[in-house]
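Structure record follows, encoded as structure tokens.
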Amino acid sequence: MGVSSLKLLKYVLFFFNLLFWFCGCCVLGFGIYFLMYNNFGALFHNLPFLTLGNVLVIVGSIIMVVAFLGCMGSIKENKCLLMSFFVLLLVILLAEVILAILLFVYEQKLGEYVAKGLKDSIDHYGSDNSTKAAWDSIQSFLHCCGVNGTMDWKKEIPKSCEGQVEGCYVKAEQWFRSNFLYIGIITICVCVIQVLGMSFALTLNCQIDKSSHILGM
């Protein structure tokens, strides 16, 4: 690869990460919006930090930091930033693989934990507006009622149930299985993008070494 190829690779990696950074900004913006307007609350009250807003803010921030390192490392041809970008992407990729394995191994226990957390959150429906909004949104979207059915609502059945008798837990499982192919394709695409970013970073890092060696001769 010559100098022209090095420049091409540098700008490809830069614009790749610039787009990645804008995506992170969008995710962070949505997270801040949900935190400000409190449209969705925590359905798991033993994990109060597990809200849609918090998750989006954390994910968006990570994406922006990683993309920033990629942008600066590529445009300035900085080996330290490029290797930091590579290591962070590698750690994220490994974390995703480990998480996928844990979800597969502990699928049944996780299901029981989720069902219990959802049942506990029903008790907060009348006292917590964010929990009420979250349950109303889920029941309206999935056309379901409660965790396992209308019997979960011991007091008054919410209007968002709209005569539905099937539980949201079963409906959520059905939705996930029906969209499993699309979820799998999106997951694979994300992993491929990460691997491409790592490959570009390593290649550019090696080319910087070669160019420095040639110029020093």
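Including glycine, each Cβ sits where the backbone N, Cα and C put it.
Note: TrEMBL annotation is automatic and uncurated.
Within the set C145, C168, the cysteine that TrEMBL bonds to C161 via a disulfide is C145. Looking at C145, C161, the disulfide-bonded residues in this record, the fewest other C-beta atoms within 10 angstroms of the C-beta turn up around C161. Away from its own ends, the transmembrane segment (180-204) comes close to residues 6, 9-10, 12-13, 16-17, 20, 70, 73-74, 77, 82-83, 85-86, 89-90, 92-93, 96 of its chain (Cβ-Cβ under 8 Å, at least six residues beyond either end).
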